[in-house]
Amino acid sequence: GGSEGVSSGGDMDLDAVKEHSALHAKPSGLVLQYGTAGFRTKAEHLDHVMFRMGLLAVLRSKQTKSTIGVMVTASHNPEEDNGVKLVDPLGEMLAPSWEEHATRLANAEEQDMPRVLMDISVKAAVNLQQDAFVVIGRDTRPSSEKLSRSVIDGVTVLEGQFHDYGLLTTPQLHYMVYCRNTGGQYGKATIEGYYEKLSKAFMELTKQASCSGDENRSLKVDCANGIGALKLREMEHYITQGLSVQLFNDGTKGKLNHLCGADFVKSHQKPPQGMEMKSNERCCSFDGDADRIVYYYLDVDGHFHLIDGDKIATLISSFLKELLLEIGESLNIGVVQTAYANGSSTRYLEEVMKVPVYCTKTGVKHLHHKAQEFDIGVYFEANGHGTVLFSKAAETKIKQLARELENKKRKAAKMLENVIDLINQTAGDAISDMLVIEAVLILKGLTVQQWDALYTDLPNRQLKVKVADRQVISTTDAERQVVTPPGLQEAINDLVKKYKLSRAFVRPSGTEDIVRVYAEADSQENADSLAHAVSLAVFQLAGGVGEAPQLGL
């Protein structure tokens, strides 16, 4: 009949929604914001949010006629916290307009919630007759299992179908969603499918190594006492050559993310607790949900060296550039960074490797979006979250060349094809990134020290300045230049001129009334005094509150 596609309240059993919602009642007055990481807060405040995200996932699934993912995790936050994020059809982050719907639905008071749900359904032109399918994954937090059951309650009350994958890393759920929405072309939507795809690509890639050096290279992995440990254990059985991993902080004793994990190592610039390191051993850390990775080692003098996302991007993009040169194909490759990327990495990529570098605003969505403009786009945040994106055209071309070319060119094209299969193109994935890095080190015959020595990071310092209102600061040019307040950019320019190899920028925090200051220069002392001088300028010109910044703080 003519009523098709017109949503009416009759298509949604609002009485059932109301009844079930009462079992997941919202504490009145609690307000949460759906951000880059979805919702995150103390686990005990999230039951109503989980139920409602189950409802929302069904609407999004009906609207896109696709499978939608719901991941229960709070990544690198403390164990007491939890969170939830939705995964869109191609394994990407939720569309911004739906982030707004999510925030509205999560914050609606109990009695208004069914009305808000209907309103979203109408605004987003959801055909309620459409079938819905939702997949769910969760991390190892004590609260995650119960919270994922609340998600399932929300899905089933709207008669959506679901598959609960149980324990998964965040990027594994992204992979599942993408596989299900591409008819299995990207891979099999099972955990075995994930391991088979990655391990096959890794072993094919590393077989190409001319000198196989030490047959089974060993890597120490700090798993942040999280889901990464469980999944890496499962994956170990699939990788029969080229790599053996030793797991630390595997969740048997320690607390999730406590004094360990990628975030701890990066911010404290020191090894995690619970890992025995000898000099010159390759070590890496995952974060709590295994979507970030950083490498590090101790030199012979026992000094700690961190290899962050910038150096990971440099290693991978240099390797890809060499393969492209080998096959003589004019596919364009670009590296996308934020203003926080160390100046030395930018200089090395542009001047030595002749790889174009682009800068975007801070935040994964900006990086991901820009990386999609290239045949091959590489992005890593300094914190170790990143991936490589291949355009459909580039992928088709490379697979064709791997069949048609001969000798060395064919080998190079074949290696590119393996990288395409090995990298998780939906999201930063610590397990997949680790395998890419290990394969590149083997193929290039690099030790961790030689990788680290590709370039030397410029000394840098980050500071925070408390201000009355962060909105007085506005920026342009990917956050590298200040527009308001007037006079601040000029002051920064004058300060930067006083130091060699120097650079500084300031940007408002996304969440609190502070301004973040970044400075780098030719020595640590100079980076510190530049950061301090810029902080003072911010304090004076942008309405600083409390004590003026002191040098050395």
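Think of each number as a place in line: the chain as shown, counted from 1.
In case you wondered, yes, glycine gets a Cβ from its N, Cα and C as well.
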Q. Which stretch does TrEMBL mark as coiled coil, out of 391-425, 461-495, 496-530?
A. 391-425
Q.
What residues elsewhere in the chain lie close to the coiled coil (391-425), defined as a C-beta under 8 angstroms and at least 6 residues from its ends?
A. 91, 171, 174-175, 178, 197-198, 200-202, 204-205, 208, 320, 323-324, 326-329, 331, 372, 374-376, 432-433, 435-436, 439, 443
Q: Find, for the listed binding-site residues ASP287, ASP291, GLU381, the residue with the lowest Cβ contact count at a 10 Å cut-off, counting only other Cβ atoms.
A: GLU381
Q | ASN383 (substrate binding site) to SER75 (active site, phosphoserine intermediate) - Cα separation in whole Å | A | 13
Q.
Of SER75, GLU381, PRO508, ARG516, which is closest to ASP291 (Mg(2+) binding site) if I measure between C-alpha atoms? They're all recorded positions.
A. SER75
Q) Here are the binding-site residues: PRO508, GLY510. Which has the lowest count of other Cβ atoms within 10 Å? A) GLY510
Q: Work through the recorded positions one by one (SER75, ASP287, ASP289) and name whichever has its CA nearest to the CA of GLU381 (substrate binding site).
A: ASP287
